[in-house]
Amino acid sequence: MTKLEISTKSEKPAEQWGNGLEFLFSCISLSVGLGNIWRFPYIAFQNGGGTFVIPYLIALLVIGRPVYYLEISLGQFTGRGVVKAFDIAPLLKGVAVGQVLATAASITYYSSIMALTLRFLVASFGSELPWSRCWESWGSDCHDGSALNSSGKMSPAQLYFEREILHEVPNIDNGVGLPNWQLVACLAVAWLIIGGVLIRGIKSSGKAAYFLGVFPYVVLLILLLRAVTLPGAIDGIIYFFKPQWSELLNPLVWYAAVTQVFFSLAICFGTLITYASYNNFNRNVYNDIVIITTMDSCSSIIAGCITFGILGNLARETGVTDIGSVVKGGAGLAFISYPEAIAKFEYVPQMFAVLFFLMLFVLGIGSTVGMGSCILRVVRDQFGPRSPPIWKLATGLAVIGFAVSIVYMTPGGQFILNLVDFYGVSFTALILAIGELVAVAWIYGVNRFCADIKFMMGIETGWYWRLCWRFITPGLMTAVLIYMLLDMSALEYKGVGYPILAHVFGCFLAALGLVQLPGWAFYAIYKQRRQTGSFWQSVRAACKPSDTWGPANVQLDGSI
């Protein structure tokens, strides 16, 4: 890239972060979000607690942090959304399109978690917390907090969530049922807020990020102090950190760890590239990367300690010796363990319940606004000056997102959430992440990319980053993918299988994301073949950066 070429790029976009702190806190609110507080505990629980933590920390160091640095640098250098950023290697532009589709799938079920959070928030304003005692309608299925005659029974928090909030069905062989109107109303409120923040643009969301990034930590620390003081909590925390060494060879545990890193840090979904595109071109983001990834991992560990401390307490109360079987897993685990701890607060538990669910909702805003910003930026980049105004795009996204998300508000909604999470997001994200590393590190080239970083930030890129981008990160992800495919079994939710039609729908979701890879590759080759004639010359030409590749936010001349 030469500075003479850079001078021909488009003019500086109107939207930018007000200052560096807005970018830092926005990334914190995006990365330290529902992926940490809601998703991490139940994924860790499903994969054996300590058995999962070790692969997770390894994946964080050799996959999460390097990919985070790569995406922030790529977005800041190009000043464009994720699809335009992949002008770096047109042959693999399908990676970016697939990531946007995965982001669209994610925002639908993240908004459904926000709806559940609002439902709990409303319930927290009562004279007593409704999950603090057994209801008569639950009969003998509820235990009263003592170990006597409580074997096989469920806690009030679990029963309240599954029977009073979800009205959950045992399977979806006969369909998912009709939506719950209370949850649909909460979902509508969630999307109104998401749409409202998106309409106000990146500057307003940057200002809100100061609160979105700090408030959750205050509530988390309060819950942590309470959780670790519960009887039996230490047993749960030991379970969380003590690995079953034989299970470390299970490829599905590593697959879960890698995909959880994607969710925790919000990498490989296009959101980070979008946020970085609003940065000042010369901002040195190296320290930001270290701060954000460290805070993210600490948040996940804190959330894990809270959840498993509460599970240890439940195990002691119910007389269950195996903490791994004290409750059924699933995406709703956070709506069982956290409320269980809050109900045990001696003084004004309602206040702490309100704080917790408000925190969870705030985290949801941070995550979903980032996803929505990514989708809207792609549309605006595609249409350029002819793009509709932001309020129309944001409104359209909110309406469509709300309509699609209603399916999660049904009695079988958690089955669908688990299905979409696996097929439409987790499975495709790993493959697309490998494609992203191939595009930047191999097709464009690590040395060229590091030269761009030096030109942009004035710093040299160390060997750790170079080795991870070129060999370690894509190699580990490929190995995990291969082993996972060889050892993959039929998807289940709480030990219950899915009907054939559900698997067909899941495969369609996965195919929709993955077909973008060959589809856009053939399109890029076709465009080049009209000029070169030879197939292999067209392939080589499609691997070169397009004419629009380069910084959009600077006007320079000369050469480097």
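In case you wondered, yes, glycine gets a Cβ from its N, Cα and C as well.
Remember, predicted model here, so these are calculated numbers, not experimental data.
TrEMBL has this to say about the protein:
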BINDING   V32, N36, S264, L363, S367  Na(+) binding site
DISULFID  C134-C142  disulfide bond
TRANSMEM  21-40  transmembrane segment
TRANSMEM  52-70  transmembrane segment
TRANSMEM  91-111  transmembrane segment
TRANSMEM  181-202  transmembrane segment
TRANSMEM  214-241  transmembrane segment
TRANSMEM  253-277  transmembrane segment
TRANSMEM  289-311  transmembrane segment
TRANSMEM  352-378  transmembrane segment
TRANSMEM  390-410  transmembrane segment
TRANSMEM  422-446  transmembrane segment
TRANSMEM  467-486  transmembrane segment
TRANSMEM  498-526  transmembrane segment
Round to the nearest Å and give the CA-to-CA distance linking L363 (Na(+) binding site) with C134 (disulfide bond).
-> 30
In the same chain, outside V32, N36, S264, L363, S367, whose C-beta lies within 8 angstroms of the Cβ mean position for the Na(+) site?
-> L30, S31, G33, L34, G35, I37, A266, D296, S299, G366
Here the stretch out of 21-40, 253-277, 422-446, 467-486, 498-526 with the most C-beta pairs under 8 Å to the transmembrane segment (352-378) is 21-40
Name the range, of those listed as 91-111, 289-311, 390-410, 467-486, that has the largest tally of Cβ pairs under 8 Å with the transmembrane segment (498-526).
-> 91-111
Would you pick out, from the binding-site residues S264, S367, the residue whose Cβ has the largest number of other Cβ atoms within 10 Å?
-> S367
Any chance the transmembrane segment (181-202) and the transmembrane segment (21-40) are in contact, meaning at least three CB pairs closer than 8 A with a sequence separation of 6+?
-> no
Any same-chain residues 6+ apart from N36 (Na(+) binding site) with CB under 8 Å of its CB? Would you list them in sequence order, or say none?
-> S264, D296, S299, S300, A303, L363
Most isolated by CB count within 10 A, of the recorded positions C134, L363, is C134
